[in-house]
Amino acid sequence: MEISNQLTPFLHFNRAQWANLRKSVPLKLTEQDLKPLLGFNEDLSLEEVSTIYLPLTRLINYYIDENLRRQTVLNRFLGGQNPKVPYIIGIAGSVAVGKSTSARILQSLLSHWPKERKVDLITTDGFLYPLEKLKQDNLLQKKGFPVSYDTAKLIRFLAEVKSGHENVQSPIYSHLTYDIIPNQFDIVNQPDILILEGLNVLQTGGNKTSQTFVSDFVDFSIYVDAKEALLKEWYIKRFLKFRQSAFKDPHSYFKHYAELSEQDAINTATHIWEKINGLNLRENILPTRERANLILTKGADHAVELVKLRK
């Protein structure tokens, strides 16, 4: 652990220091298990899982145990048995940083250690307004910004989950059609753990009618971080890969990009980053970083170089 002379609410760990905190946590993932968990543009290794995610799993389990003890105390105080309350983990960060991969790896690890548990994963993309409404409200260029989310619906969803309700519905978003899928839902039915992943998990803006925020329902929050220059580079690389694959699907909202030359595709991706994703990062996402319980900072090879844990 590095001791900084600066006043900070975080403890700092380099890779080696953090890896030492794994202790006896077993690695139950194989290369074959890992492959479907990876994002489209990521080549994350089992070594990264062992070094970064196993110590994190150990830490989260301590927090979950403490949370269960607190619930027992509350039940004893109230003289009854309250409904089962899921432990909610929030994962925030920029477009292209690898939030989804981190979420899927944690889901897999927490599902099997130290015991078999039900771990659900929901993305906040499902709570974006439908494409038609974004067009009507002239918000297409603000997609992913706080104003583009039905925050009230997301908060209702989290309130129901935290209240122990059964079969809570979460809308499903399609990256292919760039829209909410009508009349299709993920069902969250009293999991032990819910992982909530999205750009807006730690944000306090965009909800003008209420002082209740998404983060109020999150028990442990993680911000996946990287320098903007790296994020922009990763976004452009991902865009170029999509141009050769998903964009060629006739049902893709972005099928018109499939015919672009490589240079035109780079120019288009750069423009989208500067006008939408980079702007959203600077204005709405990055300012929430210091609100997280844990910050994972990635380097050029997508590997985590620094871990910051709130004291």
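From the backbone N, Cα and C atoms, a Cβ is placed for every residue, glycine too.
The domain 'Phosphoribulokinase/uridine kinase' annotation in TrEMBL covers 88-239. The ATP binding site annotation in TrEMBL covers GLY93, SER94, VAL95, ALA96, VAL97, GLY98, LYS99, SER100.
Of all the binding-site residues listed here (VAL95, ALA96), it is VAL95 whose C-beta has the fewest other C-beta atoms within 10 angstroms.
Counting Cβ atoms from all protein chains shown, SER94 (ATP binding site) has 27 others lying within 10 Å of its own Cβ. The ATP site is defined by GLY93, SER94, VAL95, ALA96, VAL97, GLY98, LYS99, SER100, and by the 8 Å test on Cβ atoms against their centroid, the other residues of the chain that qualify are VAL224, LEU231. Annotation note: GLY93 (ATP binding site) sits in a strand segment as assigned by DSSP.
Between the binding-site residues GLY93, VAL97, the minimum number of other C-beta atoms within 10 Å of a residue's C-beta occurs at VAL97.
Within 10 Å of the C-beta of LYS99 (ATP binding site) there are 22 other C-beta atoms, taking all protein chains into account. LYS99 (ATP binding site) carries a helical DSSP state (H, G or I). Cβ contacts within 10 Å of SER100 (ATP binding site), excluding its own Cβ and spanning all protein chains shown: 21. There are 24 other Cβ atoms within 10 Å of the Cβ belonging to GLY98 (ATP binding site).
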